[in-house]
Amino acid sequence: MKEDLLKLIDILGTITFSISGVFAAMQKRLDIFGILIISFITSIGGGTLRDVLLGDLPVKWMRDIETPLIILVSAICAILFRHIIKNFQQTLFIFDSLGLGFFTVLGIQKGIKFGLNPGICVVLGTVTGCFGGVIRDILLNNIPLIFRREIYATACILGGIIYFILFQTHFPKEWLDVTVMLVVFMIRFLAVRYKLEMPDLYSEDKKGRP
Amino acid sequence: MKEDLLKLIDILGTITFSISGVFAAMQKRLDIFGILIISFITSIGGGTLRDVLLGDLPVKWMRDIETPLIILVSAICAILFRHIIKNFQQTLFIFDSLGLGFFTVLGIQKGIKFGLNPGICVVLGTVTGCFGGVIRDILLNNIPLIFRREIYATACILGGIIYFILFQTHFPKEWLDVTVMLVVFMIRFLAVRYKLEMPDLYSEDKKGRP
Amino acid sequence: MKEDLLKLIDILGTITFSISGVFAAMQKRLDIFGILIISFITSIGGGTLRDVLLGDLPVKWMRDIETPLIILVSAICAILFRHIIKNFQQTLFIFDSLGLGFFTVLGIQKGIKFGLNPGICVVLGTVTGCFGGVIRDILLNNIPLIFRREIYATACILGGIIYFILFQTHFPKEWLDVTVMLVVFMIRFLAVRYKLEMPDLYSEDKKGRP
């Protein structure tokens, strides 16, 4: 049952990441194949970079046609029904935050499987969760959003640290993944809900800001 | 004889891709080594990304000094004779389109050799054909050209789909590669000749376009 | 003793590269985690790209927690003491140039260890020395600095060529690495000191320049 739930979150995360790619690409007025490529890269970019760095190749989505198909179908639906989907921003945001938590945990666990240091596992979790969006923003010639003051990569990093703190305690191992996923989700959710931002390092010269 | 022809197209494709890198880099006024690096990356970028994703490492151009040398020589010639070469735009465009077809087929065949799903092979063909140019545009801080409405990635994707349709029929296997190469070439050639573009998804708000 | 010296230069290079990442990220007003990520990528980006292209995976910094820790500590110090560090530009520049030389030699030697052609080894040296900065600039949406007319990649390439010229002579092998490191350092140092630049390919239309 837990397996089914995680599978569902994986799929929902993949779908919302691909939809976020579609919307970002349409803002830059790309053509239909450009949109599909950006959607695909947003969805699989983080996991791909993680697997390349680990040397776990060919990358996962090449050996498993299911994920590319899910992305393709959801991207086409997002293009067709873009005017309707825009009304479900709140729902998409919740799925996106769940996906962020799920992919972060996935990256951490893969690092553990490869016998890597906890610090590196946190990096891998952050890469898996965030770098699809980073590559999307680079391709669209934007400064990657996660480097802005929003709590995004921060949620992954904090989640990763909490993972290894709980790991040291008597916390039941079988609930570790779901718990950390929800922690990342909650950090991200509360940050957006209450407009939390990272502290501004530049406040001293704020008046000069354009 | 067919082998010689394919080898020739490989070299012509490599050369034109490297020349396109030189011209793009000079538009941004890079220095001589910057131009050489961009030229090199434009030429080998697509195949490199494909091999990294597949885990076929070290990447091919490291084990075969011939390709880097061809790129180096053609890039230097392109810089020296840039005022002459500009008069051969039409010839360059034909070589470039042939190269696009050739590299697409190369990527597809490599995917088949790795036992991957046809859909993934089409992706690999598109990556091999197009992503040298994508990385070039990222490095030069442009939005990648292929994401614009021109028929470019589209030609690779359609070529890839036709490859697997013909593969299912009684079409002679030994002509499959040349045929699909010419199909990609023709799609690209006709698209530019008759100014075909991908359908405009944004027509409804076209008047507001700057 | 030589080993200790090289180790020290490795650490100094890592530190100055990470500081240069911090300053570049702060110019774009990134948040604290954004700065740390850019700092990390500037420091390990070149070696990571080299190892990915070679297939020497998982990349080195994943198996060795020391480097990430050095980067983390020096980045945090750079953020905290940014007003003080700014007064040591000259010192930082010397460390940075030493690091450039060190990482170039590291890349060349790794290429030799993999049995690659001298030309490819020079490419690997240049990638190791320069591409951390290139990836930093891409992420920050700048045109990579090394493609500008400054002598930077040029120093790596010349150093690499000198490496293999000396390699053919009776030059003592045990001093090859230190010598080439100092050559790269001197080229870079003198170029900045005497404001040397690559020849301007575009002088004919210079008047039209903005």
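Just so you know, glycine gets a Cβ as well, placed from its N, Cα and C.
TrEMBL lists B:8-82 (among others) with the feature domain 'Glycine transporter'.
Here the transmembrane segment (B:32-49) has Cβ contacts under 8 Å with residues 14, 17-22, 24-26, 59-61, 67-68, 71-72, 74-76, 78-79, 103, 106-107, 127-136, 139-140 of the same chain, all six or more residues outside its ends. What TrEMBL lists as transmembrane segment is B:32-49 (among others).
Annotation comment: TrEMBL describes B:69-85 (among others) as transmembrane segment.
For B:92-109 (among others), the entry in TrEMBL reads transmembrane segment. For the transmembrane segment (B:92-109), same-chain residues at least 6 beyond its ends with a Cβ under 8 Å from one of its own Cβ atoms are 6, 9-10, 12-17, 19-20, 46-47, 50, 85, 121-122, 124-130, 152, 155-156, 159-160, 163, 177, 180-185, 188-189, 192.
Break the domain 'Glycine transporter' (B:94-166) down by DSSP state and the numbers are 59 helix, 1 strand, 13 coil. Among the features that TrEMBL reports, domain 'Glycine transporter' is placed at B:94-166 (among others).
Residues or ranges marked as transmembrane segment in TrEMBL: B:115-139 (among others). Packing against the transmembrane segment (B:115-139) from elsewhere in the chain are residues 17, 20-21, 24-25, 38, 41-47, 49-50, 53-54, 100-101, 103-108, 145-146, 152-153, 156-157, 159-161, 163-164, 167, 184: each is 6 or more residues past its ends and has a CB under 8 Å from a CB in it.
The transmembrane segment annotation in TrEMBL covers B:151-169 (among others).
Residues of the same chain lying 6 or more positions beyond the ends of the transmembrane segment (B:175-192) and with a Cβ under 8 Å from any Cβ of it are 2, 5-6, 9, 93-94, 97-98, 100-102, 104-105, 108-109, 129, 150-152, 154-156, 158-160, 162-163, 166-167. Taken from TrEMBL, the feature transmembrane segment covers B:175-192 (among others).
Mean pLDDT of the predicted structure over the domain 'Glycine transporter' (B:8-82): 90.
Helix first, then strand, then coil: DSSP counts for the domain 'Glycine transporter' (B:8-82) stand at 63 helix, 0 strand, 12 coil.
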